[in-house]
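**Student:** Please find one structure pasted underneath; my questions will follow.
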């Protein structure tokens, strides 16, 4: 008979992270309901436009060091050494944070001809570091195999924001400024507490910095190059949809659909994250793990597509009715992308940064083409098509490189 207590450590962690992700999805939907109930599509689009640009800048600033640190943590057998690695990562995080603050401030001047957007960049300064904090937590927790840390960082901010947001917006009204400060402010506060809980050490870091730098030259920088045309391009649609239209309404629709759908890509990647430390010592992904990933992904995708239309109709106002259609298409792309991410985690645990970089270049190049030209030609339909096709391309590339790596490993064994 099935019992949680009879599961292996990895499977227990999969259950914990899967459950927290599902709950996070539901809470994320509830959070977006509150946001869209109190803000009209144009104001909500402005919020997401500003956040997209800040996220884009943040994705460019770590130069692969966070991924290199994650791999070193996965290989580390001593907590003392792990604390030093986290200490190095915090120092890098501080320097990146300074640059992000400056860049966010500069965006005030870049958007000075649009006073409303310029002001939102200005008020975002106290909370703009959240994307960097979130990256640190996700990468260190993956390397440490500390899944509870990810779960707390995922759930707690939304659990706090939903009731506080509802009370504040109901009592005092909602504005774009309040929404940015409250939502990212809560996220940042929780993230800082979680970062402190990782207990980084700042003593005798010279040798650890050298080790991290060497790992980054061979592994992390490869992922960074890939992220320039892969991860960073994820935010382009949230910018071009605003540039090629009279206002940011479609930005709000698209990013709302991403908010609802995005966690689907995390579900298969959860297994890759949970098994990351174990993958580093395995010549291939166990068949049982692959089958579990595919089954979980297919069931999640089918359930999502069946439920999203009535859920959107029930929860959101008529002005957001198209979000259900957009989310259905994005669900297919995100589920396929998530399986690719699981293969990504395996290759990453073995330091195969070049394979990941190559796949990212191919996928990211298509995204740049699609999120610019196809969005210009077909607006929202171009963005949706780009998302689905690029996810399929990404999965095919990751599957190809995984098979190539496994074949070489088996020959060498």
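Just so it is clear, glycine is given a Cβ too, placed from its N, Cα and C backbone atoms.
Okay, so TrEMBL annotates it like this:
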type     : residues : note
TRANSMEM : 15-34    : transmembrane segment
TRANSMEM : 49-66    : transmembrane segment
TRANSMEM : 87-110   : transmembrane segment
TRANSMEM : 116-133  : transmembrane segment
TRANSMEM : 154-172  : transmembrane segment
TRANSMEM : 184-202  : transmembrane segment
TRANSMEM : 223-245  : transmembrane segment
TRANSMEM : 251-271  : transmembrane segment
TRANSMEM : 292-312  : transmembrane segment
TRANSMEM : 324-343  : transmembrane segment
TRANSMEM : 355-377  : transmembrane segment
TRANSMEM : 383-402  : transmembrane segment
**Student:** Is the count of Cβ pairs under 8 Å between the transmembrane segment (223-245) and the transmembrane segment (184-202), pairs 6 or more apart in sequence, 3 or more?
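**Tutor:** No, since the transmembrane segment (223-245) and the transmembrane segment (184-202) share fewer than 3 Cβ pairs closer than 8 Å, they do not count as touching.
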**Student:** Ranking 87-110, 184-202, 324-343, 355-377 by Cβ pairs under 8 Å to the transmembrane segment (251-271), which is first?
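**Tutor:** Checked against 87-110, 184-202, 324-343, 355-377; highest Cβ contact count belongs to 324-343.
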**Student:** Sort out for me which stretch, of 15-34, 87-110, 184-202, 292-312, 355-377, has the most Cβ pairs below 8 angstroms to the transmembrane segment (49-66).
**Tutor:** 87-110
**Student:** Can you name the far-off residues of the same chain, 6+ from the ends of the transmembrane segment (292-312), with a Cβ under 8 Å from a Cβ of it?
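**Tutor:** For the transmembrane segment (292-312), the list is 14, 18, 29, 260-261, 264, 267-268, 271, 320-321, 323-325, 327-328, 331-332, 335, 338-339, 342.
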**Student:** Counting CB pairs under 8 Å, which listed stretch among 87-110, 154-172, 184-202, 355-377 touches the transmembrane segment (15-34) the most?
**Tutor:** 154-172
**Student:** Cβ under 8 Å to the transmembrane segment (355-377), counting only same-chain residues 6 or more beyond its ends: which ones?
**Tutor:** 222-223, 225-234, 236-237, 240-241, 244, 340, 344, 347-348, 383, 385-387, 389-391, 393-394, 397-398, 401, 404-405
